[in-house]
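Peer 1: Attaching a single structure in C-alpha cells format; questions to follow.
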C-alpha cells in the first residue's frame, strides 16, 4: 500500500522531507488556504497495527493541545481512505530550516552563547508542554529545528505521553522508549518518567551542540544506555575549551543520574542558562577545574620543617596472622589459574575438536540499523552496513542481511546489514512548454513512472502546454512518487459584470475588477443621456474567457422614445415631440375617413409608439378627415 498523493481533496503531497520510525513527512500544499504545510503520514505498512495507529493518534492529540511559538503547530488531522483502510495523517506548520543534528554534523559545535539561547528557547517549549501535562520523551537534536529567521521549534511528540497516563501498563513495561544517546537513566531502566526526564535529555542535547558529540558513545544502544545509568559524563569543557566552568555546572546538573538532583523543571534550567548568558554564576554546583582538584588533594604542610616522613603502622584485628595472609594469597592465585585453564581448554576444544559453534542469523528486517547491529553483535557476529536504495523499506530500516536470516554461521563471522536509503531518487527534469505527451516521455526517461495531469488557467499561448510540475523542476524526488503535470487550460472564464448607467471610465474599472482588462468603447444610437453606458458585448452575466475584448456601449444621446400620438391634434403633438428633442420634419400622410377619431386628430404614426427615434428623424402622421 502506497501513500496517496492527495488527502481529503485538500492537501497535495510533494517531496518527502524526512522519515521517522513509523511515519514519513511530506512538504504539501493546502489547496484551500493556499499555503505550504508539512504533512506527517503513518507508514502504510503500520496503519493496520492498532498499537502504531493509537500512538500516531496520540501524537496528534498531544501536539494539537500545545499552542506555543517554540513548538511546531498542528493545523489539522484526518484519515485518508485507501483500498486497504484508513490512513491517518497530521497537518503541521512547515518550518523552513535545519535541525540541530544537521547543524552539528555540518558545522561542528555551536558557539556557547548561541547554544545557550537555543536551549533556553527549547526549555520554554518543554516547560509549556509540561505545564499542560505532556512530557516529550524523545528530546534530541533531530527534534529541534532552527528556522531561517533563527526561531527555535521543538517538534515530533510521537512518543509523548500525558503525565496523567504515566501509570498505565505501557509506561511501566521494561521497553525502552526514546533514542539511546539521549535517554534519561530512568528511561534506560524502563521506569516511569516525568518532566525531569526531558530535562536530562535536553542536557544531552546541550552537551552535544557545545562539544560536537553526545555525552556517551558506545558500540550499541545497550552500551550507551548502560553508560547513562552507571557512568558520569566528562565535563564539556574538557572536550571543548570554549565552554566555561559555569556552563559546565548547568550541563552536569541537568545530567544528574538522580532526578532529585537535577533541575526540577525546564524553567529552572532556563533561569540558570540566562544567568550564565549574562555573566552571572548559576545556582548549579560549581564544577572544579583540574587545578582546583590538584590543590585540594595536595598534602598539608609538615608540622615542622625537615621532619621525616614515616609509614604509619596499620592496625590489625585480633587473631590476624601472617599464616592467614599467606592462605588468602594462595586462594586468589588458585582462582586465577583456574580461570586461565578454562580459557585454554575452550580454545583447544575449538581448535582440535573441529568447527566453531554455528549460530543462526536472526531476522532483523525492518528494524533500525542500530537495533539490527546490536542484535547481530549480541549473537557474536561482526557487522558491516551497506546502504542501498529500496522502493519498499523506509530509509534507515533494514532491508535484509547477507547471509540471509536463518543461515548458520560460525561465531565471529561477518554479516552485512543492508540498510535502506529510501526509494531511488532522480532529478525532476524541466518540462515547461512541452505538450503533456512530450513531458511524460521526458519524465519516463528520467526514471519516473506515475503521472497525473492538473489543469490550470494560463495565457492563450500556453493553452495545452505544460506550465510546471510538482515536485518542481530540478528537485530530487523518489522515482516511485507521482508527478503532477500542470497543464495550461487557457484564460480562466469569468462572468461579465454589469456597469449600465455608469460612464465609460467607471465601467472599465468595474470590468477590470472582474478580470477583464481588454475593453473598447463604442458609441451607439440610444435614448439614454450622452456618455452613459447602456450595455456591453458580451452582455453582462455571460461567462467568457478573461482575455475576451469587452465592448463598452456608450449612448450618443441622439434619440428619444416615440410617444403615442394617436387621437391627439397636431397642436398638442408638436409640443410633446419638441420637448423630447425632436428637430426633424413632419411628413403628412393621406387623410383617413371613417377612422372613428375626431376630425384632424392623429389616426396613424410612424415610427410607432415606444420606438427609439433619432432626434432629427422624419415623422409621418395621418389625420382623420
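Backbone N, Cα and C define each Cβ position, glycine as well.
Below are the features listed in Swiss-Prot for this protein:
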- 597-611: compositional bias 'Polar residues' (COMPBIAS)
- 11-274: domain 'Protein kinase' (DOMAIN)
- 355-421: domain 'PASTA 1' (DOMAIN)
- 422-489: domain 'PASTA 2' (DOMAIN)
- 490-556: domain 'PASTA 3' (DOMAIN)
- 557-625: domain 'PASTA 4' (DOMAIN)
- 169: phosphoserine (MOD_RES)
- 295: phosphoserine (MOD_RES)
- 302-321: region 'Disordered' (REGION)
- 591-612: region 'Disordered' (REGION)
- 353-625: topological domain 'Extracellular' (TOPO_DOM)
- 332-352: transmembrane segment (TRANSMEM)
Peer 1: Run through the compositional bias 'Polar residues' (597-611) and tell me, per DSSP, how many residues are helix, strand and coil.
Peer 2: 0 helix, 6 strand, 9 coil
Peer 1: Summarise the domain 'PASTA 3' (490-556) as counts of helix, strand and coil residues per DSSP.
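Peer 2: Result for the domain 'PASTA 3' (490-556), in helix, strand, coil order: 10 helix, 23 strand, 34 coil.
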Peer 1: How about long-range neighbours of the compositional bias 'Polar residues' (597-611): same chain, 6 or more residues beyond its ends, C-beta under 8 Å?
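Peer 2: Distant Cβ neighbours of the compositional bias 'Polar residues' (597-611) are 561-570, 573, 589, 617, 619-625.
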Peer 1: Could you give me three numbers for the domain 'PASTA 4' (557-625), the DSSP helix, strand and coil residue counts?
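Peer 2: Across the domain 'PASTA 4' (557-625), DSSP assigns the residues as follows: 10 helix, 23 strand, 36 coil.
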